Amino acid sequence: MSILDQPPSSSQLSSSSMAGGGMTRRQAWGLFWLLAAALVAWLVFAVWPDWLNAILISKKAFVSAILNGITLAGLYFLVASGFTLIFGLMRNVNLAHGSLYLLGAYIGYEVANRTGYWLLGVASGFIVLAAVGVVMQIFVFRRLEGDDLRQTLVSIGISIVAADLMLAVWAGGTYQIAVPEWLDGALTLPVITAVRSNGASVFLTYPLYRLVVLAAAIVIGVGLWLMLNKTRVGMMIRAGVDDRAMLSASGVNVHAVFAIVFAVGAGLAGFAGVVGGSALSVAPGEDVRYLLASLVVVIVGGMGSISGAAIGALLIGLAEQIGLVYFPTYGIVLTFVIMVVALAVRPRGIMGKAR
Amino acid sequence: MSLTLAAQDAAPQQTWLEKLGPGHIILAVALVLYPLVASDFFLTQIGGYSLIFGMLALSLMMLAGYGGMVSLAQITVAGIAAYAIAILGNNNSNVLGFGWPWWLAAPFAVLAAAVASALIGWISVRTEGIYTIMITLAIATATYYFAQQNYAIFNGHSGYAGIHAPSFWGVNWRDPKAFYYLCLGFAVLSYAAILYGARSTFGLTLQAIRDNPRRMRALGYDVTAHKVFAWFLAGIIAGLAGVLLVWFNGRVSPGTIGVDVAIDVLIIAVIGGLQHPIGPFLGALVVVLMQTFAIDIVGAERFNTLIGLVFLVIVFVSPDGILGLWGRIKPYLAQESLRSGP
Amino acid sequence: MRIHRRTLLALALATGLTAPSLALAADDGIKIGLLATFEGPFTVLGEDGERGAMTAVEEVGGKVAGKTIEIVKGSSDASPDSAVRAARKLVEQDGVKVLVGPLSGDEGLAVKDYAKTQPTVTFINGTSAAQDTTLRNPAENFFRFSTDGAQWMAGLGTYAFNDKGYKKVATVAEDYSFPYTQVFGFMAEFCKAGGKVPSKSWVPIGNKDYSSVIAAIPDDVDAIYVALGGADAVNFLTQYQQSGGTAPLIGGSITVDQTVLTSKGKLRDVLIGTPAAGPTADTNDSPSWMKFLEQYKKQPGAFPSPSLFAHGYYVNMKAALLALEQAGGDVSDGGAKLRDALSKLSFDTPTGKVSLDKNRNAIADIFLTEVTEGADGNLLNKLVKVVSQVNQTLGIPEDEFMKLGAVNRDNPSCP
């Protein structure tokens, strides 16, 4: 495969056009986030005056919604980061990504249930799905290389068959992956939600497990960032994202890089499946749900960008939970409104680069 | 490629019958005579339904085949027309229902669908290629959820029921035979419009934009306007299908415009083939037959595996669907007949 | 070449489409359509409904009035459109004259509308429990021997207020017609008894993360009424347990169904002691229920105890078979004899006597239950009380009941 095989597309040629205005916009965003963070800090730690309680239902509801939004964002990030990595490098939208999530969850359930070790379930979710990802890359996507549309269509076909086969094996029941004792239960946070008439403070309690999910997402996000920016493989991946033809022309085994990315992406989906299946539950239909969530997250955040996935996940997670509390009727619609607005302002997403 | 095709077709003088070709004529005769042999069920649930979904897939085929924009929002567009009929006309759900006569409500519904389609197109043409499929999927999902949650306009999860097809010229157009011919008429109209449109100036420009947008832009064409107008036209076809669909079902609810239906439309278009406007109708027929009778053959349980596998095989083996498959088999058949000839 | 190809195509189309209707019922058999959710989110429930229906068929040895019963299955995905489509296929293609189903509320409303266009076919409900399927604008040929979602709540509101002493209750339910009906049934009694419902959370369908909804429930309520089913109930209960929730729960009919009670996880801790009401109770020890239980358990994949879907499909199928027997298995008169037999039918089900009102809706016993742990560790709905012969207007005179209006998000209200 040489560089001559690929005619320069419009996107590759115009890559420099957006760079000039990007910095100031980023600074503006930084300022915005700083102010928002200050406001949130006050909202979290201050004892609320009555008028605020009246507007926002209760402090408990508000703070919980924020925390839930952030922890849900952690889960979304885990799923979407794999999705965005695969897209960034291979330009194919893997619409079977949700199926990978669900399969990971089922496998995690089986392993955790039979061995009794939850961590073993999490690990197997990652490893088995990484293997599945490699198989998919080698036997399916590699054969259709260069034909984005057919790759996408094939992934739709795979997701339909996979969903039906999983229904055959695990039936339509709801599975819960039991969280180990040391992660279970609620944690009392140093956040006062209300003061009783006798002067005693009521503290906020929050599920420990969800905080662990958030921590895991942060650790994995940092790990991914380090891998992409500090390792040789990461260097190759970034080079591949920017110019795939150039990378292969310089003697790198592109197929190996593709396989690694697919393994990591699919493995992360499987990992997220087990983690998410423990926080919520595992049932048919979750595949579509998480596929849509990752779609919206990466459209908002910018395709192919890890930091974009993090920002997108945060926005969507918060919008979903805040929406659920304050305007439940249109909570789900809110996330799509954010998507359309993001597209209108930045067609390639918040962190998306023009290619 | 399309440009040369058009040049070939500008053949010397032909009568209109010759232009039509024997294939079309036989097909037309067969379709017109079909009600003589088919039961009511086969007329509406298979015939009418296939034609409606064929039209939906046709609108997708037009965008994808000529414009290079694969949309998953065609059923959403059709749904807007269907909801418009329920809202502007009569329904028995005690919500809205302005009681407009059909000849006012139906054109308005189609127009609303076309405008919505243009709007979706306008949002998605800001990006390109594979992004379109994602954005339209997201728009389709958003509309589905919105319709499900909104009671003031969409009447929530239950949607609208009790919508009747019109009766005029002494015909109740929901009667099986009448309804079949109604669907057939609009399907043929859309089909002919696409065949003609593909060779019109606009059609050729659209195909040129698909093949090389930069060059077309450099030549002074407004790429975005052409694409959005293509969406508008596709919206008219999808809107017509939506009106027929709501007359056929007598009801519309969020389930009508769900994500699974959106994917079905894509499957129909791909199975049929995106190269020729007959493809979507073929695909619709195959999928509707499979969906209806799979429960008798493989049981309801593993139906989706079957349809998914058929889809996978077609995408893998023949990117141009059944039409492409036929194109591949044909040379072998031709050789066979030559060998066995006298 | 081109001509050749198109001609063949056209021929293929012409011949493929003209297959005549194959639906010729065997002379000595009788076809009954069974419409349930065999795909989509309610697959498990649909399969249990089928077990119930098949239990009734096997009880009569697969024969009615000397004719062999042939069950033709139709599958929906719980959306009204797919239910109508499946019903159309059963009626118009397979030629069934008796159809049992569908399973869920909005499906029932849609099939009722379709029934009006097929006056010679007799429709008997599965488990769909929306009020207006029979209350407002009913169809002459749609019969419901199972009770509706509001009837299922009979006795619960009074019990929660008087016996449990809950004065203020928050509700959490999904945002569509069936939960509206259940909340209506609960609040009709609870508010009348003097209770207050300061907060109602309608959760969009498809939502899985209830943690924020739980946090928004006021702290000062005595209990939380939960009308969620299947995976949603499991999710809610787990998250409620994880967030350290302490307020006791009151269950809707499908919240504490076997499909939820058999799921694995810690949710059992929050479930034990939850009062609920519905058409069945697991610890019912009446001989007729024990017999039904025994028959049901012969079905492949049966739950430890039949879910209310198995029960509903059983009762409706049983009614169909009894009426068919009375009509001599004869539906050649457009089903007039059969429908006549159905409207007069009154019979003993595993859960007591059932008869129909003038709208062809069931009047039947409702069971007040409480979740307990059985001897083998399984969770069961222990029978607390039988509320006998509940009618569709919950004992309220009809005109007064109709004045309450159709159920929706805001009706009823007693903050």
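The count begins at 1 with the first shown residue.
Each residue, glycine too, has its Cβ placed from N, Cα and C.
Note that the structure is predicted; figures quoted are calculated from it, not measured.
Features reported for this protein in TrEMBL:
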- A:28-49: transmembrane segment (TRANSMEM)
- A:61-87: transmembrane segment (TRANSMEM)
- A:94-112: transmembrane segment (TRANSMEM)
- A:118-141: transmembrane segment (TRANSMEM)
- A:153-171: transmembrane segment (TRANSMEM)
- A:207-228: transmembrane segment (TRANSMEM)
- A:256-283: transmembrane segment (TRANSMEM)
- A:290-319: transmembrane segment (TRANSMEM)
- A:325-345: transmembrane segment (TRANSMEM)
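Remark: the transmembrane segment (A:153-171) contacts the transmembrane segment (A:94-112), by the rule of 3 or more CB pairs under 8 A. The listed stretches are A:61-87, A:94-112, A:118-141, A:207-228, A:290-319; of these, A:118-141 has the most Cβ pairs under 8 Å to the transmembrane segment (A:256-283). Taking Cβ pairs closer than 8 Å, the transmembrane segment (A:61-87) reaches residues 40, 43-44, 93-94, 97, 100-101, 191, 193, 204, 206, 210-211, 213-218, 220-221, 224, 237, 261-262, 264-269, 271-272, 275-276, 279, 290, 293-295, 297-298, 301, 303-306, 308-310, 312-322, 324-326 in its own chain, all 6 or more past its ends.
Residues 79, 82-83, 86-87, 118, 120-122, 124-126, 128-129, 132-133, 136, 141, 151-152, 155-156, 158-159, 162-163, 166, 169-170, 175, 177-178, 265-266, 269-274, 276-278, 282, 284, 286-292, 294 of the same chain sit 6 or more residues outside the transmembrane segment (A:94-112) yet have a Cβ under 8 Å from a Cβ within it. Remote same-chain partners of the transmembrane segment (A:290-319), defined as residues 6 or more beyond its termini with a Cβ less than 8 Å from a stretch Cβ, comprise 66, 68-77, 79-81, 83-85, 87-89, 95, 97-99, 101-102, 159, 221, 224-225, 228, 241, 272, 276, 334-336, 338-339, 342-343, 346, 348-353.
Same-chain residues lying 6+ beyond the ends of the transmembrane segment (A:207-228) with a Cβ under 8 Å from its Cβ atoms: 67-68, 70-71, 73-75, 77-78, 81, 85, 179, 183-187, 234, 237-238, 264, 268, 271, 275-276, 278-279, 306-307, 310.
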